[in-house]
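Asker: Residues or ranges marked as domain 'Plant heme peroxidase family profile' in TrEMBL: 1-142. According to TrEMBL, the heme b binding site annotation covers His8. For Thr9, Asp61, Asp71, the entry in TrEMBL reads Ca(2+) binding site. According to TrEMBL, the disulfide bond annotation covers Cys15-Cys47.
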Amino acid sequence: MVLLLGGHTIGFTNCSLFRDRLYNFDNTGKPDPTMDPLLVMKLRLICPQNSPATRTPVSLDQNLASTFIVDNSFYKQIRLGRGILQIDQALALDPLTNNTVASLANGNDFLARFGQAMVKLGAVDVLTDSQGEIRESCHLKNKPRSTFLFG
């Protein structure tokens, strides 16, 4: 998973998926203490606290010079407390994954390792028909479809 989440090197999200980290992390009324304070200030300008849901894209790799480049910059950023999504920041903080993150951030083999992880993922049996679903939004189950047949 550490390698697959490296796909966030070219990923984007919107404010609604991380706004709590900026204003009310774990119901504290404060930002996430693991997030770089300068990044918090920057993101608050893009994602005001009480604004309606916004679709303004926010890069998951805060090295803007490499936003559209598949590289190891994402790992360097999360080691600096610049992970946008909590799951990304957790990779750099968790004792089970932080050594792998450090290795990827400091090494030059991310592309090869990411490719190997994608091949492994491709070998996973896909659930089809009623056994699984392709989600319209990754964090929500799809609405049930009508099964009525006309005719």
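Positions of Cβ are set from backbone N, Cα and C atoms, glycine also.
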Asker: Name the one residue among His8, Cys15, Cys47 whose Cα is closest in three-dimensional space to that of Asp61 (Ca(2+) binding site); these are the recorded positions.
Answerer: His8
Asker: What other residues of the same chain, not counting Thr9, Asp61, Asp71, have a CB atom within 8 A of the CB centroid of the Ca(2+) site?
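Answerer: Other same-chain residues near the Ca(2+) site: Gly6, His8, Ile10, Asn63, Ser66, Thr67, Ile69, Val70, Asn72, Ser73, Phe74, Gln77.
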Asker: For the domain 'Plant heme peroxidase family profile' (1-142), give the DSSP counts of helix residues, strand residues and coil residues.
Answerer: 71 helix, 6 strand, 65 coil
Asker: Per-residue pLDDT averaged over the domain 'Plant heme peroxidase family profile' (1-142) comes to what?
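Answerer: Mean pLDDT for the domain 'Plant heme peroxidase family profile' (1-142): 91.
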Asker: By the count of other Cβ atoms within 10 Å, pick out the sparsest of the binding-site residues Asp61, Asp71.
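Answerer: Counting other Cβ atoms within 10 Å of each of the binding-site residues Asp61, Asp71 gives the minimum at Asp71.
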